[in-house]
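J.: Pulled from Swiss-Prot, these are the listed features:
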type: BINDING; residues: Thr13, Gly14, Ser15, Ile16, Asn127, Glu129, Gly213; note: NADPH binding site
type: BINDING; residues: Lys128, Ser154, Glu155, Ser184, His207, Ser220, Asn225, Lys226, Glu229; note: 1-deoxy-D-xylulose 5-phosphate binding site
type: BINDING; residues: Asp153, Glu155, Glu229; note: Mn(2+) binding site
Amino acid sequence: MSRPQQITVLGATGSIGLSTLDVIARHPDRYQAFALSGFTRLSELFALCVRHLPEYAVVPEAGAARNLQDDLRAAGLSTQVLVGEEGLCQVAAAPEVDAVMAAIVGAAGLRPTLAAVEAGKKILLANKEALVMSGALFMQAVRKSGSVLLPIDSEHNAIFQCMPQDFARGLSNVGVRRILLTASGGPFRQTPMAELAHVSPDQACAHPNWSMGRKISVDSASMMNKGLELIEACWLFDAKPSQVEVVIHPQSVIHSLVDYVDGSVLAQLGNPDMRTPIANALAWPERIDSGVAPLDLFAVARLDFEAPDEERFPCLRLARQAAEAGNSAPAMLNAANEVAVAAFLDGRVRYLEIASIIEEVLNLEPVVALDNLDAVFAADATARTLAGQWLSRNGR
């Protein structure tokens, strides 16, 4: 019997990480957690180490590492604790590792994910910011290393399942007319426009269908998440922004569709549970049980669709503009959004000001080419500085 595949889970204490470990635990003969990383919920990381017995755990700083190492030793575990970005890159690229779940939220996940790519690992990509920030460089690294890149976002995983196997030859060459990227519309789809100025972080995080972390929940409410997914889809499937159409589908049962030139439209359906795309990517090209209940079409009963209102969701408009501009624009969009959303969650800015901050940053800074990773992080830093200046200027 062959050994279980060794899986590094970057962002193990987040919702994607926990769902990944749930799927892994259902198939101990196939998968073993090799390394787990956590950022803030370190008591939870300790509990995960006790349950899954990884070779390594990674935490952000040395003090936390000492505390976790002491706790693990006291529990009789041999798990070794590593520190910071260097530790993340080490467990992402380790020779023993077969696949890496890249689920660290935001720009912080880029370097470890690239380390896994350059080491030729199978990449389960949940960190959409990695592609948004450095799309051309990232895909170039994938091609150079021969790494297998499998999307975890439910929408991109759905598109992947609906695409022909040889879609890398170009969408027009395989008969694809367009990608239909579905969105729930979030908690504010029908909120009166006058009330949006006063919505709270808790309201923004109350997603009607999905259980997610707070940052991505706010992105879903503003539809910036869908904008980032539009950019990600362009890189994953070599599509032009004009070939990706966003469709609001409140039930979140159809996770995305692919429209073919012969009039066929293929869709992937399922209950809104991230274990489905995770299991699909872990086992690809095979299929395994994810623990997700079968879809009951009779209970769903109806499927609704509508066009997104860009006045209600200006972040979607800004993301499409950044996708069309290319180069540094998506990286700056992402960085400005991260600063603005953090300020909103801290109660320093209002919900509608998130888009205002992003738009100002994009208008202030010219678009430049990103020829290397240093240029990517320079664009990221510039956008964060400009967003911070907006906060300071407005007394936030």
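The backbone N, Cα and C atoms fix where each Cβ goes, and this holds for glycine too.
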J.: Report the largest Cα to Cα distance, in Å and rounded to a whole number, among the residues Lys128, Ser154, Glu155, Ser184, His207, Ser220, Asn225, Lys226, Glu229 that the record lists as binding 1-deoxy-D-xylulose 5-phosphate.
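T.: That value is 19 Å for the farthest Cα pair.
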J.: List the binding-site residues among Gly14, Glu129, Glu229 whose C-alpha is within 10 Å of the C-alpha of Asp153 (Mn(2+) binding site), in sequence order, or say none.
T.: Glu229
J.: Which whole-number value in Å describes the distance between the Cα atoms of Gly213 (NADPH binding site) and Asn225 (1-deoxy-D-xylulose 5-phosphate binding site)?
T.: 12
J.: Using the alpha carbons only, what distance in Å do you get between Glu155 (1-deoxy-D-xylulose 5-phosphate binding site) and Thr13 (NADPH binding site) once rounded?
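T.: Roughly 22 Å, rounded to the nearest whole number.
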J.: Fewest other CB within 10 angstroms, which one of the binding-site residues Thr13, Ser15, Asn127, Asn225?
T.: Ser15
J.: What kind of secondary structure is Ile16 (NADPH binding site) part of, going by DSSP in three states?
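T.: DSSP call for Ile16 (NADPH binding site): helix.
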J.: Mind giving me a neighbour count for Ile16 (NADPH binding site)? Other Cβ atoms within 10 Å of its Cβ, every protein chain shown.
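T.: Excluding its own Cβ, the number within 10 Å is 28.
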J.: If you measure from the CA of Ile16 (NADPH binding site) out to 10 Å, which binding-site residues from the list Lys128, His207, Asn225, Glu229 are inside that radius?
T.: none
J.: Fewest other CB within 10 angstroms, which one of the binding-site residues Gly14, Gly213?
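T.: The binding-site residues Gly14, Gly213 were compared, and Gly213 has the fewest Cβ atoms within 10 Å.
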J.: What whole-number Å value do you get for the CA-CA distance of Ser15 (NADPH binding site) and Asn225 (1-deoxy-D-xylulose 5-phosphate binding site)?
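T.: So the Cα of Asn225 (1-deoxy-D-xylulose 5-phosphate binding site) lies 16 Å away from that of Ser15 (NADPH binding site).
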J.: Which of the binding-site residues Thr13, Gly14, Asn127, Glu129 has its Cα closest in space to the Cα of His207 (1-deoxy-D-xylulose 5-phosphate binding site)?
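T.: Checking each of Thr13, Gly14, Asn127, Glu129 against His207 (1-deoxy-D-xylulose 5-phosphate binding site), the shortest Cα distance is to Gly14.
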J.: Go through Asp153, Glu155, the listed binding-site residues, and name the one with the sparsest Cβ surroundings, counting other Cβ atoms within 10 Å.
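T.: Selected from the binding-site residues Asp153, Glu155 on minimum Cβ neighbours within 10 Å: Asp153.
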